[in-house]
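Asks: So Swiss-Prot lists the following for this protein:
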ACT_SITE  Asp195  active site, proton acceptor
BINDING   Asn92, Phe93, Leu94  ATP binding site
Amino acid sequence: MWQAISQQLSETLMFSYDIVEKVHLSGGDINECYMISDGEQRYFVKINSKDFLSKFQVEAENLRLLRQTDSVTLPELVLIGNTKSNAFIILNFLPTKPLEDTENSYKFGQQLAYLHLWGEQKEYGCDQDNYLGATLQPNAWHKKWSTFFSEQRIGWQLQLLKEKGVTFGVIDEIVEVVARQLLNHNPRPSLIHGDLWHGNVALSAFGPICYDPACYWGDRECDIAMTELFGGFNAEFYRGYEDIAPLPFGYTQRKEIYNLYHILNHCNQFGGHYLEQAQKSIDKILSY
């Protein structure tokens, strides 16, 4: 496998790249991750089964979408390929550490705000479906945000769970409540990261960096809500964001709805205590 990767990388770089070092990196729940080096240039490699190739192609498209905004910093795509039994994606390797200091947290908050203010789009969705972790994320275009989020986010996750024998109530009733609570909220469609927890943000030599997006055009509050779901963001991050793009009235209540999507996705992927967390969140939303 590594010989095939080395050969394809050499063809892409147009010089012989012989792997003399490879280090297995921890933290990947879905892929096997490595740092490789020829003694001079290092790269980040994610490896999975051969049928994962299309998912890597979607990831590359998500990176392209976000990079064109010139707002947030992301890894640079080098190569997508496959061997006889594996698919892989290669990105430039950037040594990182947790994003914790106030100066860079503030800077990242501003960068995220500029991302959310970039471009113009009249509908919600994306040209292609992508993945939130290992879960397919449907992105068919919709004109109404309440329809898009209630059906393609909450309803979708609830249906996947039902197929696994897990239910939190009547799906149509939950979807209807979510749609009703978002009915009068018509946010300007923003290109969002889509999976913005602290594990997908770090500090590199070039400043704050983010990766592993699941982007689509939606409500920018979804990104901010997720940063609060699992914590880990400095208070200066939020100050930097709101100095550029203040959050509108009603965010606190909508945050519960937006984070339910990610809790349900964790139910689908991991189960466990997320099931209880999801039920509590649904009960709270139904009580509004």
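The backbone N, Cα and C atoms fix where each Cβ goes, glycine too.
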Asks: Restricting to the same chain and to sequence separations of six or more, state which residues have a Cβ under 8 Å from that of Asp195 (active site, proton acceptor).
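Replies: Same-chain residues close to Asp195 (active site, proton acceptor) (Cβ under 8 Å, separated by 6 or more) are Leu132, Gly133, Asp212, Pro213, Ala214, Met226.
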Asks: Using the Cβ center of Asn92, Phe93, Leu94 as the ATP site position, which other residues in that chain lie within 8 Å, going by their Cβ?
Replies: Arg42, Tyr43, Phe44, Pro75, Glu76, Leu91, Pro95, Ser204
Asks: So, in DSSP terms, is Asn92 (ATP binding site) helix, strand, or coil?
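Replies: Where Asn92 (ATP binding site) sits, the three-state DSSP reduction gives strand.
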Asks: If you draw a 10 Å sphere around the Cβ of Asn92 (ATP binding site), how many other Cβ atoms fall inside it, taking every protein chain shown into account?
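Replies: Asn92 (ATP binding site) is surrounded by 13 other Cβ atoms within 10 Å.
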Asks: How many other Cβ atoms are found within 10 Å of the Cβ atom of Leu94 (ATP binding site), counting all protein chains shown?
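Replies: I get 18 for this one.
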Asks: When you measure from the Cβ of Phe93 (ATP binding site), how many other Cβ atoms are you left with inside 10 Å?
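Replies: A count of 18.
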